[in-house]
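Q: I am attaching a structure below and will ask some questions about it afterwards.
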Amino acid sequence: MLLLQPPLVSSRFHSLYFITRPHHRFFQPPISAFSATAPCSPSSSSSSSYSSSWNVLDACEEEDEDDEFSVEVRRRYDFSPLLKFLSRFGPVELVLDSEDSESFSPDSLDPVEFELAESYKAVPAPYWHSLLKSLCSSTSSLGLAYAVVSWLRKHNLCFSYELLYSILIHALGRSEKLYEAFLLSQKQTLTPLTYNALIGACARNNDIEKALNLISRMRRDGYQSDFVNYSLVIQALTRSNKIDSALLQRLYREIERDKLELDVQLVNDIIMGFAKSGDPSRALQILGMAQATGLSAKTATLVSIISALANSGRTLEAEALFEELRQSGIKPRTKAYNALLKGYVKTGPLKDAESMVSEMEKRGVSPDEHTYSLLIDAYVNAGRWESARIVLKEMEAGDVQPNSFVFSRLLAGYRDRGEWQKTFQVLKEMKSLGVKPDRQFYNVVIDTFGKFNCLDHAMTTFDRMLSEGIEPDRVTWNTLIDCHCKHGRHIVAEEMFEAMEKRGCLPCATTYNIMINSYGDQERWNDMKRLLGKMKSQGVLPNVVTHTTLVDVYGKSGRFNDAIECLEEMKSVGLKPSSTMYNALINAYAQRGLSEQAVNAFRVMTSDGLKPSLLALNSLINAFGEDRRDAEAFAVLQYMKENGVNPDVVTYTTLMKALIRVDKFQKVPGVYEEMIMSGCKPDRKARSMLRSALRYMKQTLRTS
């Protein structure tokens, strides 16, 4: 009998569970609550604490009354006296001190504690593990669990203390007590078991950086991380929307280097991670490898790939995977249909979106709020407002209550097409259906009014939002501050910025960038520098947009030395300048006719590895035109043609302006004709340039 192998256990369990999950009969120590003679008499409050701590064990005992554990064994290993003793002064609090130097070998004991220690000498380790896990199942009894571990160490009654501490660390992580878990880990030399418990605690608390650092440290200590750790980390990344394809590729390379055998769960986590990070190609690659080795993907994983493909505009591939899902015998549910519908709304014709919803209904799959909101998006994009409103009626008829998000999508469609007046109609329809606006809806309303200079309406909406007890978020404040700045109401914007801080909403980089631009437009340089200092002191680091804004405002004001200094400072901190930044600088030089400086900025841009944009080249043409260097302006046009940059109407209009500036009116009609031949449709400004040139040529002929 001793040679018989233990039953196989699923390889998915963490190493912590292998050791701590004995056979069911050993899962709970025998308990007869209060039946044994206790070596001390706890107070009533202690008894209450004890009872609440043991509610899980009591439940297990009631379910297991017919277990083959004998009454004799239950009596022999009754833990209630110990728990009463440890709770003798009331509920035990979890108090950890990294400097704790508790003595594990006491010189003397009081008789009661000595008697307890003697009575528990023969208890097997699995019973202590089971007791500890039961106590750890409730946050309220974590202190008592820690007291048990400390007591066991004090009397050397249970070995494998790393397992005991790992159980505690696991429980602390589950209870969002990550700091306490790390303090507790310092009481033991880190082993694979405690490493795993800590990594799991970090992942469950979405502290990805600490989890990744622990995996690296574990490797440096000569231990190999297991697949459960990687699963937990990837799940946390996906859950917190911090998943990044480059990071996931690094983790996957580590898994391959350590030659870890992928199980179904980890494969699905990796595939979903790549899909959520917007990298459907790698998700499909891992899916193919998994299927080749006999591992199957979960339905949710396949749906995430369909969604990623749809978001990337790869609708045909999304369709193929959706069809594969259906042919495998799985009935697609609403989420799968919504994932594909999203692709149709984004790239496909409206009839495809309509047919998808019809197919859902035909196959007995009920559309949900997301389905209807996507269909409303499709109708709004097509300008079919009446159809969008009919969808709202269909929702009501199908017992799907339209929510605030659906109306916000309808309103955003009106806003993007310039029909902001219909905002009031949307509000009326919401009220008639009893739908209460939420923060997101109010943010769209405020943005709509702000874009069309209806600032009084925007502020009225903001006041109503506050009166309904909806606290503004950063999006709300940033939208209000930005729309006031854009319409020249800088004082009000500054007041809003101060109000934002007073209400406890900390400004983000976007907020600071808006205010920096506002101060720059007003040429309040000292205030701008003060704000930059405040931004850094609050731990908000200037980003590429911040530096681009600074270069732009400095350039427009002719403070080119400050603009160049800002550019160099950006490079020194490891940020890569963007094309937008160089465009702003080249344009600033162009506006002042400083063509040489514009050319130098253009050269630096190309040396930084940035491909010249149409905007930068048009600015360069303008710089040469303002400096009366028409030959160089046309040389830029030739450069565009040779490098695959298609000139636009601005290019040709700027060239015509350059010719007029140097009195070469007779060449203007040729440029206008070339513009038409290239497929550019002349605008009002281009036609005005042509008329001016022809008028001057006509006057010249008359006078001659």
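The backbone N, Cα and C atoms fix where each Cβ goes, glycine too.
What you see is a predicted model, and the numbers here were worked out from it, not measured in a lab.
The repeat 'PPR' annotation in TrEMBL covers 191-225, 298-332, 333-367, 368-402, 403-437, 438-472, 473-507, 508-542, 543-577, 578-612, 613-647, 648-682.
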Q: State the residues, same chain only, that lie 6 or more residues beyond the ends of the repeat 'PPR' (543-577) and have a CB under 8 A from a CB inside it; answer 'none' if no residue qualifies.
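A: Answer is 509-510, 512-513, 516-517, 519-521, 523, 525, 528, 535, 584-585, 587-589, 591-592, 594, 597, 605, 608, 610.
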Q: Quick one: mean pLDDT on the repeat 'PPR' (508-542)?
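A: Average per-residue pLDDT within the repeat 'PPR' (508-542): 92.
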Q: Report, as numbers and ranges, which residues of the same chain sit near the repeat 'PPR' (368-402): CB under 8 Å and 6 or more residues beyond its ends.
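A: Beyond its ends, the repeat 'PPR' (368-402) has Cβ neighbours at 334, 337-338, 341-342, 344-345, 350, 353-354, 357, 360, 409-410, 412-414, 417, 422, 429, 433, 435.
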Q: Take the repeat 'PPR' (648-682) and find every residue of the same chain, 6 or more past its ends, with a Cβ under 8 Å from one of its Cβ atoms.
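A: Contacts with the repeat 'PPR' (648-682): 614, 617-618, 621-622, 624-626, 628, 630, 633-634, 637, 640, 689-690, 692-694, 696-697, 700.
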Q: Count up the helix, strand and coil residues in the repeat 'PPR' (508-542) according to DSSP, in that order.
A: 26 helix, 0 strand, 9 coil
